[in-house]
Amino acid sequence: MPGPSPGLRRALLGLWAALGLGILGISAVALEPFWADLQPRVALVERGGSLWLNCSTNCPRPERGGLETSLRRNGTQRGLRWLARQLVDIREPETQPVCFFRCARRTLQARGLIRTFQRPDRVELVPLPSWQPVGENFTLSCRVPGAGPRASLTLTLLRGGQELIRRSFVGEPPRARGAMLTARVLARREDHRVNFSCLAELDLRPHGLGLFANSSAPRQLRTFAMPPHSPSLIAPRVLEVDSERPVTCTLDGLFPAPEAGVYLSLGDQRLNPNVTLDGDSLVATATATASAEQEGTKQLMCVVTLGGESRETQENLTVYSFPTPLLTLSEPEAPEGKMVTISCWAGARALVTLEGIPAAVPGQPAELQLNVTKNDDKRGFFCDAALDVDGETLRKNQSSELRVLYAPRLDDLDCPRSWTWPEGPEQTLHCEARGNPEPSVHCARPEGGAVLALGLLGPVTRALAGTYRCTAVNGQGQAVKDVTLTVEYAPALDSVGCPEHITWLEGTEASLSCVAHGVPPPSVSCVRSGKEEVMEGPLRVAREHAGTYRCEAINARGSAAKNVAVTVEYGPSFEELGCPSNWTWVEGSGKLFSCEVDGKPEPRVECVGSEGASEGIVLPLVSSNSGPRNSMTPGNLSPGIYLCNATNRHGSTVKTVVVSAESPPQMDESSCPSHQTWLEGAEATALACSARGRPSPRVHCSREGAARLERLQVSREDAGTYRCVATNAHGTDSRTVTVGVEYRPVVAELAASPPSVRPGGNFTLTCRAEAWPPAQISWRAPPGALNLGLSSNNSTLSVAGAMGSHGGEYECAATNAHGRHARRITVRVAGPWLWVAVGGAAGGAALLAAGAGLAFYVQSTACKKGEYNVQEAESSGEAVCLNGAGGTPGAEGGAETPGTAESPADGEVFAIQLTSS
């Protein structure tokens, strides 16, 4: 019979579980008391916010339930044992909602607490005074209306970023809202234009909320300091009408001085001051002026204001009128003998004095009458006026000049008859005439031409010298006078009167004379350099008269000196020292023939070949004054006989010159090869080096480093680098020669490793040969030896897996162009007899088969001719002749040296040669 289905099983289990839980619930109801619960029990909500309250009970079947509160509700949700309600627009600082249920004729209650908080959205700092005196206290007051709870609120007063005072309101009632903080602060200078503010912080972090902070708008404080004393006023006591005088008002101890105001006035007239600051000091400067309507005593006032306070100073100032004296002449320009009246007046209250004579009373004019003469011309008249103002005597004066008209006069004092001036310095020519109007003076040469620039500063030149007629003219007449101008100047020696260069001809008659210009006329003398004798009169010219003469001219204005070079010319002449009769030219030196000729002017020299290979050829010369014909270059000069001809404008001369050619040593590859080879044992000879050159060079060769020992025969030690030097009278040449010594081969070493070999073992034969040029290595192995290997240069023979057939005699031969040498070595392969017998039987069969094929190949013509070379004989089946030739032992190397092993008598030795790739 099948069991119950799984679904039925689950249903039964659920039923049992429900019954069990019901029984347990009934038991719990019977055992536990009933209660009501309100969540959240305590809540903190922002003012105007909302909150959900959850009211629940453990009563299994409550009769009814609810939530009592004075707050506004927005929505309700219910269950059997719970109630949820949303409270909105919560504004009361504190309220206590009550959750209740009716259960088993009992009322279950739970009471909650809801408190509100308000952020410090409004932080107000009471306005500050517009100006606050430094050193006095002012009030800082901060209000935060509505923010709370107050117990969580903190207020801070700030000066800029500096904290002045901080206050928290811990312990205030929970329902308390809003706060205020007031402080008295001492005003300082550094507080000027500093911002003050208030910071409010509502800290609800202990209640699970954040920190809410806000600041007031900053308020700027302006502080000031005003001194107790009044400004200092500097001003004149009196001021003339239409004149300007400075007025200065100063006050110290101001702060901030740039914000102070200044008011300056004269009577009802406001002045415009220019204010300058220096720290806490203020200086106001203005210009005071007054009109005629302000004449009298006026009040000058200065007022300085700052921060609503002011300081004031007043001074009295008297405005007066005092015109400049009026000085008049009845005729400012009067002819000689005319009567002129002079008068002076200076206003109604001034007392005037004319030429020291005062007027009778103040306000009246002073007068003077004069019959003028020429002595009154340019006479000045002076009038002085005095006025008393406010106890102070003020003065003004005026002057005027009288001009008297008369005809010109030229006297010797103002226009001398004769002038003598030195040349050069600037002078002013004065020829003045007396007269009024002022005469114009004109000085010119009587015959016309040059005119003197009178009254102007200018240089004195010789062209100004001469006689001039000066005429003075004005409206009253004219005057005439002749004057003479003399210009003196130091001597001058020019090229016309005293040339710098004079040429004389040897044997003629000449004299040295120099003419100098100057005023007064100078004296001239000429002296030869280094001597004291003065040259005077004619003389017979000789070469020793050539040289430099010093000519000096002297007068009262100075002296002048000049060097005169005297050249004595003569015909050409040869001297052996300057132009040798025999000259040797060295090839390649680039040196030219020097043929110096005595003569003036310098002769032109030309040397031309007269016979042989040099006939008609021009010899190149050192002198730049050579002939015009084409000459040889220094590299192809031809020896021979040359005729040298020297010519100048005074004659010519001829000289014979014999030219010979020589050359320095020269070596090259053809005469002295740089690489030479000797054969060891040959007769020792010198290096094959020679050199070209005249005279014939001597060649000497020496070894570099260690010296070469003198031997009869060439040795290997003679190899090395040699330096060959060729020398003659004109120099040296050298070459470096490398000498190589070649020698026949010698097998210096033939060794086996290991010395004895067991069957199946490995062994190696090493062959080392000494030879130059390097030797070719070849091997001869025992017949039947297979599986042989050779190194790349055949110097090593190796066997892997040795057998009895590998035992026997091996020969190593070294061969080069100078001979052949061979050595032999015997290899033994030892082992047990049983191994030998078995191996021998097997090996014998193999050897018989291999031997037949090998014999056929070894006897072949190709092997005899040595035409094959293999890598591995055993693997490839190819074979070569190990002696490399396949002929008789002496076919390439000649007879073997004593002590070496000999080849078989029949001359046919064949073996297998193995070479590696």
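Positions of Cβ are set from backbone N, Cα and C atoms, glycine also.
Annotation comment: Swiss-Prot describes 32-833 as topological domain 'Extracellular'.
Swiss-Prot lists ASN54 (among others) with the feature N-linked glycosylation site. For ASN54 (N-linked glycosylation site), the number of other Cβ atoms no farther than 10 Å from its own Cβ, over all displayed protein chains, is 15.
For CYS99 (disulfide bond), the number of other Cβ atoms no farther than 10 Å from its own Cβ, over all displayed protein chains, is 27. What Swiss-Prot records for CYS55-CYS99 (among others) is disulfide bond.
Residues annotated as disulfide bond in Swiss-Prot: CYS59-CYS103 (among others). Within 10 Å of the C-beta atom of CYS103 (disulfide bond) sit 21 other C-beta atoms, taking all shown protein chains into account. Following the DSSP three-state reduction, the secondary structure of CYS103 (disulfide bond) is strand.
A strand conformation is recorded for ASN74 (N-linked glycosylation site) in the three-state DSSP classification. Less than 8 angstroms from the CB of ASN74 (N-linked glycosylation site) sit SER50, GLN86, LEU87, VAL88, each of them six or more residues away in the same chain. Marked as N-linked glycosylation site by Swiss-Prot on the basis of sequence analysis: ASN74 (among others).
Annotation source Swiss-Prot lists N-linked glycosylation site at ASN137 (among others). Annotation note: ASN137 (N-linked glycosylation site) sits in a strand segment as assigned by DSSP. Within its own chain, ASN137 (N-linked glycosylation site) has ARG184, VAL185, LEU186, ALA187 as residues 6 or more apart in sequence whose C-beta sits under 8 angstroms from its own.
The DSSP secondary structure for CYS142 (disulfide bond) is strand. Sequence-distant contacts (6 or more apart, same chain, Cβ under 8 Å) of CYS142 (disulfide bond) comprise VAL123, GLU124, LEU125, VAL126, LEU155, LEU157, MET180, LEU181, THR182, CYS198, ALA200, SER216. According to Swiss-Prot, the disulfide bond annotation covers CYS142-CYS198 (among others).
Taking all protein chains in view, 13 other C-beta atoms sit within 10 angstroms of the C-beta of ASN195 (N-linked glycosylation site). What Swiss-Prot records for ASN195 (among others) is N-linked glycosylation site.
With a 10 A radius on its CB, ASN214 (N-linked glycosylation site) counts 16 other CB atoms from all the protein chains. Positions annotated as N-linked glycosylation site by Swiss-Prot: ASN214 (among others).
Residues or ranges marked as disulfide bond in Swiss-Prot (evidence: sequence analysis): CYS249-CYS302 (among others). Sequence-distant contacts (6 or more apart, same chain, Cβ under 8 Å) of CYS302 (disulfide bond) comprise PRO231, LEU233, CYS249, VAL262, TYR263, LEU264, ALA284, GLU312, THR313, GLN314.
Per Swiss-Prot, the feature N-linked glycosylation site maps to ASN274 (among others). ASN274 (N-linked glycosylation site) falls within a strand when secondary structure is assigned with DSSP.
If you look up Swiss-Prot, you'll see CYS344-CYS383 (among others) marked as disulfide bond, on the strength of sequence analysis. Sequence-distant neighbours of CYS344 (disulfide bond) (same chain, six or more apart, CB under 8 Å from its CB) are PRO325, LEU326, LEU327, THR328, VAL352, LEU354, PRO365, ALA366, GLU367, CYS383, ALA385, GLN398, listed in sequence order. In three-state terms derived from DSSP, CYS344 (disulfide bond) belongs to an extended strand segment.
Using a 10 Å radius centred on the Cβ of ASN371 (N-linked glycosylation site) and all shown protein chains, the other Cβ atoms total 11. Positions annotated as N-linked glycosylation site by Swiss-Prot: ASN371 (among others).
Listed in sequence order, PRO325, PHE382, CYS383, ASP384, ALA385 are the same-chain residues at least 6 apart in sequence whose CB falls under 8 Å from the CB of ASN397 (N-linked glycosylation site). Under the heading N-linked glycosylation site, Swiss-Prot lists ASN397 (among others).
The secondary structure of CYS415 (disulfide bond), as reduced to three states from DSSP, is coil rather than helix or strand. Other Cβ atoms within 10 Å of the Cβ of CYS415 (disulfide bond), summed over all protein chains shown, number 22. Positions annotated as disulfide bond by Swiss-Prot, on the basis of sequence analysis: CYS415-CYS470 (among others).
DSSP gives CYS551 (disulfide bond) a strand state. Residues or ranges marked as disulfide bond by Swiss-Prot: CYS498-CYS551 (among others).
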Same-chain residues at least 6 apart in sequence with Cβ under 8 Å of the Cβ of CYS59 (disulfide bond), in sequence order, are PHE34, ARG81, PHE101, CYS103, ALA104, LEU108
Mapped DSSP class for ASN793 (N-linked glycosylation site), helix or strand or coil | coil
Tell me, roughly as an integer, the mean pLDDT over the topological domain 'Extracellular' (32-833).
-> 89
Considering the glycosylation sites ASN274, ASN793, ASN794, which residue's Cβ sits among the greatest number of other Cβ atoms within 10 Å?
-> ASN794
Cβ contacts of CYS55 (disulfide bond) (under 8 Å, same chain, 6 or more positions away) | ALA36, ASP37, LEU38, GLY65, GLY66, LEU67, TRP82, LEU83, ALA84, ARG85, CYS99, PHE100, PHE101, ALA110
Rounded to the nearest angstrom, how far is the Cα of ASN645 (N-linked glycosylation site) from the Cα of CYS498 (disulfide bond)?
-> 37
Taking ASN794 (N-linked glycosylation site) as the reference, which of ASN195, CYS551, ASN582, CYS767 (the recorded positions) have a CA within 10 A of its CA?
-> CYS767
Composition by DSSP (helix, strand, coil) of residues within the domain 'Ig-like C2-type 7' (572-651) | 6 helix, 33 strand, 41 coil
